[in-house]
Amino acid sequence: MTSTVYDFLGHLDGIAPFTLAESWDNCGLQAGDADGPVTRVMVALDVTMDVMNAALKWGADLVLTHHPLMIKPLARLNFNKMPGSAIAMAATHQIAIVSLHTNLDKARGGLNDRFAAILGLENLSCLQPSSHKDMSDDSLEGLGRVGNLSRVMTLEALAERVKSVFKIPHVRMVGDLNMMVKTVAVCTGSGESLLNDVFSSGAQAYITGDMKYHGARDIEMSGMGGIDVGHFASEHIAIDLLVEKVKALSVQEHLGLEVKGYIGETDPFVVK
């Protein structure tokens, strides 16, 4: 049975409940017809014109991203530049755009759980538990995760492990490279706002993206270690995660969806 965009949003709520989204966030339908059909879903990290063109070429009727097309309200819409150009293309070719952002970050089995699993962390707890009223006391709903490595290692060895499992050539580091690490706090994307939670978590090291100078200095002065993997590397894994979850959803709900991850995205930062 062909699903509508509205129906599909309801199914996505089971993957990453929209009630988990931060108050400032803009999850869900970004552009498109809620009554339109969903048969082919292209998954990406960001809404870009490259993604939209690939979706059009493939025949997708829905683009599902982690990062929203828009977070702040628009005062005007210029079809010659983003986000207006993506909206115009979506309207012209009847492609819906949907985003799962902080709700996917927080969800049980969501982005932070996947990040922690790739690192091999065990005995996970939530770094900043959600205040969602229906959450059970032991639920892993919230921002960030704290877990244990299978063996103690130096901060430098942990950084090498991070580079290996996330397939990145470099990381930025804070702290004594020879310090021993067993418990690690993680947060995908921009995790500097969680530093107070990190400092009270019992972790010896914090892994996140978009670490700024003063946050790095605070980590250094606390005696902890810090590893900045970059925003892109910490969240590009959302593509495979969402492809897996939407494919499983399609089978479970008999939706008959074709699902494809966009493979052309690269980190906007280049290090020379």
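Using N, Cα and C of the backbone, Cβ positions are placed for all residues, glycine too.
TrEMBL labels come from automatic prediction, so no person has curated them.
Pulled from TrEMBL:
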{"type": "BINDING", "residues": "HIS66, HIS67, ASP105, HIS231, GLU235", "note": "divalent metal cation binding site"}
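Shown here: features listed in TrEMBL, placed on the structure.
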residue : record                             : contacts (Cβ under 8 Å, 6+ apart)
HIS66   : divalent metal cation binding site : ALA44, LEU45, ASP46, SER99, LEU100, HIS101, LEU104, LEU111, GLU235, ALA238, ILE239, LEU242
HIS67   : divalent metal cation binding site : LEU45, ASP46, VAL47, SER99, HIS101, GLU235
ASP105  : divalent metal cation binding site : LEU111, ASN112, LEU143, THR188, GLY189
HIS231  : divalent metal cation binding site : GLY189, SER190, GLY209, ASP210
If you count the other CB atoms within 10 A of the CB of GLU235 (divalent metal cation binding site), including all protein chains displayed, you should get 25
So which other residues, same chain and not among HIS66, HIS67, ASP105, HIS231, GLU235, have a Cβ within 8 Å of the centroid of the Cβ atoms at the divalent metal cation site?
-> LEU45, HIS101, LEU111, THR188, GLY189, SER234, ALA238
Where does GLU235 (divalent metal cation binding site) sit in the DSSP three-state scheme?
-> helix
